[in-house]
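Participant: Residues or ranges marked as domain 'Tryptophan synthase beta chain-like PALP' in TrEMBL: 57-379. Feature annotation from TrEMBL assigns N6-(pyridoxal phosphate)lysine to 90.
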Ligand SMILES: *Cc1c(COP(=O)(O)O)cnc(C)c1O
C-alpha cells in the first residue's frame, strides 16, 4: 500500500476524516464498514461494469488530437469522458453509488447540486433503478440552471430549493445533510465529488478510477507504453482528476497536473483557486484545504464554469498537493473560454468549460516532441453554449 491511499481512520496524510454530527454516525459507519467489501464483490463489479459498458458507453475513447498535437509539438491525447451518457464523468460515480445504495437496502436517494450536473446524473440513475430521488439545489442556482432543473424533473426527481445563505451549492449541501440526519435509515446520500466524510472521498475516487484504468490499456495499445509523461485534469472537488490520476499515482515518471479555476484572477476576489487561496479547515465533513476568512467563514468562490465553483478540494488532493506529488495550477475564465474555442476549431469538439481549464494549461507547458500528454476531457460543452456565445458574439 502506498502512502497516498486512505488509512484506516479515513485520512490521506493530514487530510480527510469524518467530521459529522452524532445523528449521522450510524449511517456513515455502516457505509464505512461495508463499502470496500461490497464494491469488491464479484457480483457488484459485474453489475457495475455491465452498466458502464451498456448504459454509459464505456470504455470512453482515448483520442489523439492531431491538430492540438501539432500546435503544442507533443502527442496530446484526450480521454473522452464527454462522450459518456449524460455528457460527463459524473455518471461513473452515480452508477456506483446507486448500486451500493441498493445493496444497503436504501429506498430513497438524496443529493446536492450546484449547476445541476450531479443532480442530473443522480436523477438519471434513480430513474434507471426505480428509486425515489430528492435533489437539493440553491434557489439562485435553480434560477440560473433552468434546463438542468427541467431535466431532473423530467427524470422524476423532486428538486428542493435551498433558501438560506447565498442560496447556492454550500447551502444546498447543508439542506441535504439536514435531510440525511432526519432520515437516517432509509436514505442514501449520493455525493458528487471526492469530498465529504470518509469513506466518500476514497469511494468516489475508486468509482472514477476507471478513467485511468482504461487510459493505461488504451495508451499501451496506441503507443506501446501505459504511462504518459503528463496527465492533466481540472479540479472542482476533484473527482475527474482523481479518476485520471488514480492508477498513475504510484508511477513516479508520470507528472500529475491539477488545474483549478482562477476565475477573474487569483487575487481579484473572484476566484476558486483553492490551493492558492485556501487554508486547512473542515468543510462538508472532512479536513482539507478550503477558502475561508480568518474567522473560518467560507469565502464564496467564483468561476465561469459552475462545476469548478467550489470553495474546497477533496482531502486526497490536499495530500497530493501537500506532498507535491501533483502540481496545482490555475487558469482564468478568459483563458478557459479561449481554450474551449481552440479545441472546437481545431478538433471539432466543444468541451465543457471545466475541461477547457485543463486544456488551457497546455499553453504553459514546455513540451518535447516525443512527450505524451493525456488530458481528461471531463465533459461536453452543450451546457455552456450560451456562455461561449455571449463571450464570442456568435
Ligand atoms: C462537475 C464537473 C467537474 C468538476 O467536478 P470534479 O469533481 O472536480 O471532477 C468537471 N468537469 C465537468 C464536465 C463537470 O460536470
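Don't overthink the numbers, they just go from 1 along the chain as shown.
Quick reminder: no glycine exception, Cβ is built from N, Cα and C everywhere.
Annotations in TrEMBL come from automatic prediction, not curation.
Source: prediction; values computed, not measured.
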Participant: Please give me the CB contact count at 10 A for residue 90 (N6-(pyridoxal phosphate)lysine), counting all chains in the structure.
Facilitator: 28
Participant: For residue 90 (N6-(pyridoxal phosphate)lysine), what is the secondary structure by DSSP, using just helix, strand and coil?
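Facilitator: It is helical.
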Participant: So what's the mean pLDDT when you look at the domain 'Tryptophan synthase beta chain-like PALP' (57-379)?
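Facilitator: Looking only at the domain 'Tryptophan synthase beta chain-like PALP' (57-379), pLDDT averages out to 96.
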